[in-house]
Amino acid sequence: MLLLLGGVRHGLGMLAIQRAYLLSRSAHTLPQGLEYRPIKKVMVANRGEIAIRVFRACTELGIRTVAVYSEQDTGQMHRQKADEAYLIGKGLPPVAAYLHIPDIIKVAKENNVDAIHPGYGFLSERHDFAQACAEAGVRFIGPSPEVVRKMGDKVEARALAIQAGVPVVPGTDSPISSLQEAREFASTYGFPIIFKAAYGGGGRGMRVVREYEELEENYQRAFSEALAAFGNGALFVEKFIEKPRHIEVQILGDKYGNVIHLYERDCSIQRRHQKVVEIAPAAQLHPHLRDRLTSDSVSLAKKVGYENAGTVEFLVDRHGKHYFIEVNSRLQVEHTVTEEITDVDLVHAQLRVCEGRSLSELGLQQDKIRINGSAIQCRVTTEDPARGFQPDTGRLEVFRSAEGMGIRLDSASAFQGAVISPHYDSLLVKVIASGQDLPSAASKMLRALAEFRIRGVKTNIPFLQNVLSNHQFLYSTVDTQFIDENQDLFNLRRTQNRAQKLLHYLGHVMVNGPTTPIPVQAKPSSTDPVIPPVPMGEPPAGFREVLLKEGPAGFARAVRQHRGLLLMDTTFRDAHQSLLATRVRTHDLKKITPYVAHNFSKLFSVENWGGATFDVAMRFLWECPWRRLQELRALLPNVPFQMLLRGANAVGYTNYPDNAVFKFCEVAKENGMDVFRVFDSLNYLPNMLLGMDAAGSAGGVVEAAISYTGDVSDPARRKYTLDYYLQLAQELVKAGTHILAIKDMAGLLKPEASRLLVSALRDRFPEVPIHVHTHDTAGAGVAAMLACAEAGADIVDVAVDSMAGMTSQPSMGAIVACTKGTKYDTEISLEKVFDYSEYWEVTRGLYAPFDCTATMKSGNADVYENEIPGGQYTNLHFQAHSMGLGHKFKEVKKAYAEANKLLGDLIKVTPSSKIVGDLAQFMVQNTLSRAEVEERADELSFPLSVVEFLQGHIGIPHGGFPEPFRSKVLKSLPRMEGRPGASLPAMDFQKLEADLQATHGTNITPEDVMSAAMYPKVFQEFKEFTANFGPVDCLSTRLFLEGPKIAEEFEVELERGKTLHIKALALGDLNKAGQREVFFELNGQLRSVLVKDTLAMKEMHFHPKALKDVRGQVGAPMPGKVVEVKVKQGQRVEKGQPLCVLSAMKMETVVNSPLAGTVAKVYVKADSSLEGDDLILEISE
C-alpha cells in the first residue's frame, strides 16, 4: 500500500491520496451483495455557512465541490470556497433562485455532479427536489424522496408517529385550506393555537394565536411567510402547549435499515419560534425521559425506513410528558453541538452513507455513542435586540472573530468588507463552545463573544451575553418562554465601538468639512501647546478646603477676612466665550488644569461652567457639559468652581418650571459645582430670588450678582443710579446671599464709578464679600479693578494674559504685578502666570477660525456709548461679517444704542442683550431709524425675541415696558404679568427620564435628564451625533475641526492605556449612493468607512427619511421590501392599527400606527425596497 501511495503521489495531491486509500479500503469492507458507489463530486444546493460546512467535509474526504449562487450572491464567500461555482436563477428574486429546481439539476448534469447536498432550508425538505435528483441520476444526500415527502408533510408525519406509538399534540389531520377551518379548530380545542408551515420549518410560517381577534391577521401572515420561504403556503393547526421545553433527537440511518440516535439537543431558547441558543445534551433531563425520547425517535425512523441524518423534534411539558412535533429530514443548523459532544462528524457520515457505507462500517454502533461534556451553539445574527430584533443590513466595516480552546466557528459572510443584504437569513456566524459541563462551556462562550468586534451592522451579541450570564440558564432548566419571561435579557450593555465611530467622524470631516459652524476662513494652527511641568503628588490646599469644612457661610467669612486681593480666573469660561465664540473644548482645558491646581491654589475660584458654555458644549463641540464639569473637578480638587446661573432661566434662554431650576442646581452641586453666580438679565428680583433659593437649597455658595449698566459717576444718567443699585443690593443681602457680585458685562465701570459703587456697597454691607466682574473692551479694565480693590472689593475677575483684554477680562498678569508687595498682593507667582499664558497663547491658535481678532483688531471705547456686552460684542462682529454687514458694523453699534433706547434702556446681558442685538440688526438690514421704527411699530414684523420680551416672557424691566411702543407692537397679543416661570406646571422628571430611555436606551443619567430639560432639541441632536460618531473629545482640536491630511499619522488616546494609531490613507470617488469611501490604517490594519457627501446628495434623489422628533412620521423599522400597504391617503387610523407589512430576511413584520389620526401621505407601495428609517407615511393628528 505504501508503494501504491508513492506511485500515485506524483499525479495526485494529498487529498486525492487520502481518497484513494479510502476507496481501496472500502473494497475490502463493503457488505456482500450491496453496491458501493463512491462520490467524486458534490454540489451543495444552498448558500452561506452550511454550504461551506459541507465543502470542508468533502475536501477532507477528497471529494470535488460545486457551488451554486444567485445574482445577489456574486460576492458571497461560499462560491469562493468551492472548486467550481455556477450561477442559477438568473433574473429571479433572491430566494427564488435557490428554489429553482430545473436550473440546479441542469448545472449538476452539465458538470458531472454525482450527488447534491441540500443543506438546510430552501429545497432541503422538498420531496420533488429529491425526486428530480433521482430522475436525473444524481444522488440526493438525504432520505429517499418518499421519506422526504412523508416527513415534510407534517400531517402525514404526525399520522405515522401515532402509528409508531409516539405521543402527539392535538392538531389537524391535514393542511387546512381556509380560515374557516382554523376557526373551527379553535372552537373545538380553544386558544392558544399555533399555525405551522406544512412544508418547512425554521420558524417560518409559524404564528401563535391567543385570541379570536388575532386569528385572521396571523393566518394571513403565516400563509404568506410559508409561501415565500418554501414555495407552498399550506398550514396546519395545533393546540399550543404553554411553556414547554423544545427537545430534539439527532438520528442517523443507513441503507440497510440501521438507525441510531446521537442523543438530544435542547433548543428551548427561542424568539418568534426561531432558535437562538442550542445546548447538547439537554440540561437536567431525567434519564428515563431521555430514554423515551431517543427510543421513540429511533422507532419512528425505522418505521418509515429513514436513511441519512435527520432530527425528531418534541415538546416536553412541565410534567415531563413529551409530544412529537415533526421530523426534519435534513441536517439541522445546530448539528454542530451534537458533533462536539459525540465526536461524530455528521456531514462525513451523510456522505459515506450516501455512498453505500453501513453505520457499523463507520464505527457508529449505538453502544459506542457516548456523551462527552457539554456544548453550546449561539447564532450570531445581524439583528438589533434593542429594536425588537429587527434585521440590520449594510457593510461589515470591521470583523474580528474569537478563537481559542473549546471554540468552533462556522461562518460564511463574516469578513471585513462583506455586505449583509436583506434578501436572506440574518445569520452571520455560528459560535460553538465546548466544555466539561454547561457552566464551563458557557464561560468559554462568554469569553468568545466578548472577543468579537463587529462594526457596520448591529448584532445580537449583547443579548446572547445576557442569556449566557443568566442564572436560570446556567443552573436550572429553560422553556420556550424563557426570553419572554426574562425581560432583563434586554438590558443590553451597549458596545462602545469608539474606534470605528471616530473613523466615521474623521471621514465625515474630510468629506464634508467641520461639524461646527466656522465664522471665518482661517485654519487651526498646526502647533500643539506645550504643557508646563507639573509636580508629582497632591496639589496644595486652597479655598475649597475651607468651603468643604465650614460650608458656604464659613467660606464667605473666610473670604471677607482674607488679606490681599482674591482673583477669579475666567480663562476656562467667559474669556473664551468673549474671544473665541465659546468654542474651547474640554480636551484643551483638561491639559492645563493640573498646572492650575498646583500653581494657583490661591485663587478664589475658577469660572468654568454655566452660561453659554452649557448649550454650546452640546450644540457645537459635541461634548457633554456635565462630563466637562466632572473631569475638571477630578483634576482641580482644591480650587472652588464658579458657574453662571441665569436666575429663573437656569442655563437656558427661556423660562423653566421652578422645580427644574432647583433640580438643576442640585445636580450641578453633586457634580462638583461650588459657587453659583446668580443674575437676571433685567435685574428682575423675583427671577433672581428663585435662582438664589435653588442654589442655596442645593448647598452651594450663593453669589447674587447685580447686573451693571449706565454710569453711576455721571449725574446725567438717572435711570440706573447709585441708589438703584444699593436698594437692589439690600434686597439681595436680605434674601441671604453669601457674596455680593457686580456683573459689569459690557465693561462700563470706569475707575471713578468703581470707587463710588464699591465703597457705597462696602459701607452699607461691611460683612458681605464683594466680587466684581468686568470686561476690558475699552481698555480700562485693569484700572477699574484696581480702583474696586482700593474701594473695598474682595475679589475681582481676570483672565490669563494671552486670553485677556479686548472683550475679555482684564489681564491676570497685570493685576498680579500691580498689586505685588502691596496690601492687595494676590500671592500668585508672576512667573507661573507667564507659563500659564504661554500655554493659552499657543492653544488660542488652534481656534483661529473663531478668534475675534480675525475681524476685530482692538477694543474700543465706544462701548461706553453703545453698552454692548463683551461676549456679544464679539458675536455681533462675527454675525455682521457673515451677513455681509461687516462694512456696516459701525452702523450696527449705533443701531444697538438706538435699539436699547427703543426698548427703554435695558440691563443688557443674556438674554436681554440678544433682544437688543436682534432689534439692532433688524434696523440695519431694513435701513430703519429709531424714529421710523417707533412710527411704524404697528406694521413691522419684528424679531420674535423682541415680541416675546414685550409680552413679558423674561420678566419686567426696571421702569416698566416702553409705551406706546409696546402696545403698537403687541396689538392684541397676550401679555404676561409677574414672574414668567411661576405659572408653569412642575416638570415630571420621571416621565422625561422614561421618554429618554425609550428613545436612547437605558443608559440615561440624571445629568442627561437635566440636559434634556434645559435644551430638549439640542440634547436630542447631541445624542444622535454621539450614537453615530461616539465621544470625539479625545481628538486633538485641529483633527476635530478639519480632520487629518492624507498620509498623516497620529495617535488618539481613548483612555489611559488604550491608544489608537491612525493613518489617513485615501479619499474615494463618489459612488451611486452619494457616498465616498475613506481609507485609514488603524493599529496597522486597513479600515474604511463610507461617508455620505452632503453636497453631492443635494443633487441626487433619495427616499426621504422619517424624522424621529416628528410624531406623525412613520419610518421603516428595518431594511426590507413592502409586501402590502394596508391604508391609503385620507384614511382614519387608530393607534396600533396595521399600516403596512415589510419583509426582510424571509421574516414579515407588521408596521403599526404609533398614534391615532388621518393618513396625510403614503410614500411607499407594494414591492418598494426600503432602507432603515425610510419614510413610509405621514399621519396628522
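Just so you know, glycine gets a Cβ as well, placed from its N, Cα and C.
Per TrEMBL, the feature substrate binding site maps to Arg646, Thr910.
Residues or ranges marked as domain 'Biotin carboxylation' in TrEMBL: 38-488.
In the predicted model, the domain 'ATP-grasp' (158-355) shows an average pLDDT of 92. TrEMBL lists 158-355 with the feature domain 'ATP-grasp'.
TrEMBL lists Lys743 with the feature N6-carboxylysine. Its Cβ placed at the centre, Lys743 (N6-carboxylysine) has 25 other Cβ atoms within 10 Å.
For Lys1146, the entry in TrEMBL reads N6-biotinyllysine.
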Least buried by Cβ count (within 10 Å) of the binding-site residues Arg646, Thr910: Thr910
Rounded Cα separation (Å) that holds between Arg646 (substrate binding site) and Lys743 (N6-carboxylysine): 12
Rounded Cα separation (Å) that holds between Thr910 (substrate binding site) and Lys743 (N6-carboxylysine): 12
